[in-house]
Amino acid sequence: MAEELSFQGDGSNRLPPQNIEAEEAILGGILLDPEAIGRVSEVLITEAFYISAHRDIYQAALRLHAQGKPTDLLSVTSWLTDNELLTRIGGRNKLATLVDRTVSAVNIDALAGLVMEKYLRRQLIKAGNEIVHLGYETEKELPIVLDQAEQKVFGVTQERPQSGLVHIADTLINNFQEIEERNQGIALPGIPCGFYDLDAMTSGFQRSDLIIVAGRPSMGKTAFCLNLANNIAATMKLPVAVFSLEMSKEQLVQRLLASEAQIESGYLRSGRLSQTQWEPLSRAISMLSEMPIFIDDTPNITVTQMRSQARRLQAEQGVELGLIVIDYLQLMEGGGDNRVQELSKITRSLKGLARELSVPVIALSQLSRGVEARTNKRPMLSDLRESGCLTGDSLVTLAPGGLQIPIRELVGKSGFAIWALNQATLKLEKAIVSNAFSTGVKPVFTLTTRKGCKIRATANHKFLTIHGWRRLDELSIRQHLCLPRHIPSFDKQTMTYAEVALLGHLIGDGCTLPRHAIQYTTREIDLAENVFFLAKEVFGDAITPRISPERSWYQVYLSATQRLTRNLRNPVAKWLDSLGVFGLRSYEKFVPQELFSQPIELISCFLRHLWSTDGSIKLVGGKKPRPIAYYATSSYRLAVDVQTLLLKLGINATLKLVPQVGKGRNQYHVKITGKPDLDLFIKKVGAVGEYKLNSLQQIFEYLENCIHNTNRDIIPKDVWKKIVVPAMQSVQLTTRELHSNIGTSYCGLALYKANLSRERALKVAEVVQSSELLTLAKSDVYWDEIVSIEYSGEEEVFDLTVPGLHNFIANNIVVHNSIEQDADLVIMLYRDDYYNSDTPDRGLAEVIVAKHRNGPTGTVKLLFDPQFTKFKNLARSGY
């Protein structure tokens, strides 16, 4: 029946601290005196009882009291019976014994304190044992162990239970009591900040909330938060902790003095005060010295250190803290390579701090420079995110099928899967998107890679380099970016081989315009016959195809068998329309979305027949012949689609613009070169038609005797200094020994100037024993050079949030996501007179509530006095 806790550690068999007689006297008093439960319910928790039966009886009394019912013997017996607990506590005899042994409830308050004391001693013993075990966990970093140990001891001092499952009825009772008190004006919903309109909108700062106050420099972020700290400390008499990572405590106190004494800070800094200024200064010093404001100006402080300081302050003051202010977020240390994820981890830790101490935590945050580039410089929620955004036409690769959807069409959706890169394994994995959203109109730049991949993004959007995530405005020409080496395909077949083959021919050389005969044009009779039979296989007797020789061409007309009327369409036109590719001119053509989600065998079939139209497979002559396969089209979208379909087969093709000066529309060539990619093309795509088959055979025979020379699928040379050299030092390997072990002639440091092939990277990784280099050599990524970054104007931009992996594939490039904001309340500051000297809002500051998890958003206006860096209330707006 005793409390189920582990109390080993001192090697004795002593019982844990407890007082059974006091527990029985308390319960007997509750059963005898209807007022007794009200005297102890606020100080005595259920878990304090050592005997489990006593916990059940006390819980029954608490439930009855909360419902306004008496706690006499009959009522408690009835409640225990209804909840099937009577037998477990020892039956009616147990309750009768408690009543018989109790004379009165006169000393119940003292007894409750005694039982709580024994409970806290037991908790202290439990915490001590757990701390002993923590001391042996040497794999954990010492600051983490110390923080966890401190947290366990701190938990013992708290009056409320620190953890465990709580029945919803208990929480509902507490909520109802709070609502009732607020309705009667007894209690405020949150901690008033002193600004009336802001309090009206937020209902005060709620305990356990993380609040972000953001703005560009000179908007008054620090002044605003110091005003909040001053107001809460002065009016609520609650301790306020200020952690200043940017300014010293002397500078902060000087600001508080200037604001409180109404003396310009310049006079305080110089010490040149007039006779009339000494009295308000003395009065301000007297008032501030009585306020419970505590400042820590340790630079680069961690959340763990803050938590420790805040716990200690709360224990010393003996009351809950009123506010914690952190100035500012970006200066905090998080211990990670990826700054975006590091800041996300910091904000989650701050949210945990707010919940643990039940105190509002305000973190100041610097907004990105993107605000300055806009015409309207009012900040938006998206400015707070560390990551940037993409234009609406950016194609996001979904999982598992590999459909590519414009990001603008995903806005408002969540819970769908995309392909993302696991940075630990450098393999593609499925990840779930939690949010897709627009972030407004912003300046964008077009980034183009050597392969011809293009993406338009804001300057602060991050891309993955060999050195980690880098903003677009930090990238340079010839720097390598991370791209997927292949895109996984779906195994669910929804189209037939005949359908995808016919589709390839019609997209390539078909005329499918409205009010025009559906026809296919080719120079080769075997291709004409192929289309003839494919059409019959797909549509059967519904069409009557015919081949018509015309000069040096063959036309295949795909006519409907039935006479066409207003309500009866050609079956071929109807089918193409259902796929979204009917009525397109050559420069408008693209691959239907449905094809992207087909198995690779069908994708190969489509490409094989498409290549027979405007594709080329040949050996380019000269002193040194070179094999090449390319597809030519005047449609940029079709070229991108073909490049993407090849990527699904593991073929990394390049996309090149081929200008047609004076000859018509520009052409786009999707080129396949290099032995590995051409081998894959021959194996997986192949050819159809006698002409293409002969050319393919020539290339096959050439490649059989060709030595592979890596110049595209490489690992950037930066890894020599980043990974290889440190690994060599750890295994005490010289440069000459490295050359010898990887089987290459000694060339000194010149070796480090060359990119690595995957084969060489595998050898080097084995020699220097580098798991990081081995992961790169076996990865799913392709490192592609940047060839240009150009400004593209302003446009509406969008982004995704991908919890966990924090990235996704857009336009066949690995890009970072926007991390979800953990804050419960986001406040942004804006002063129009800072940007516009002739504004009618001179002297006004806009406090923009951009996010409010439990209430409305909107804008509150305050007076801002720059002379004393002080925010003041306007007349009450009656919000």
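Glycine is treated like the rest: Cβ placed from N, Cα and C.
The domain 'SF4 helicase' feature in Swiss-Prot is assigned to 184-451, 614-878. The ATP binding site annotation in Swiss-Prot covers Gly215, Arg216, Pro217, Ser218, Met219, Gly220, Lys221, Thr222 and is backed by sequence analysis. Taken from Swiss-Prot, the feature domain 'DOD-type homing endonuclease' applies to 502-651, supported by sequence analysis.
Overlay of Swiss-Prot feature records on the structure.
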residue	record	CB count, 10 Å
Gly215	ATP binding site	27
Arg216	ATP binding site	21
Pro217	ATP binding site	9
Ser218	ATP binding site	10
Met219	ATP binding site	22
Gly220	ATP binding site	25
Lys221	ATP binding site	23
Thr222	ATP binding site	22
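Take the mean position of the Cβ atoms of Gly215, Arg216, Pro217, Ser218, Met219, Gly220, Lys221, Thr222, the recorded ATP site; other residues of that chain with a Cβ within 8 Å of it are Leu829. Mapped onto DSSP helix, strand and coil, the domain 'DOD-type homing endonuclease' (502-651) counts 70 helix, 38 strand, 42 coil. Confidence annotation: the domain 'SF4 helicase' (614-878) carries a mean pLDDT of 88 in the model.
Secondary structure at Gly215 (ATP binding site), taken from DSSP and collapsed to helix, strand or coil, is strand. Under the three-state DSSP scheme, Gly220 (ATP binding site) falls in the coil class.
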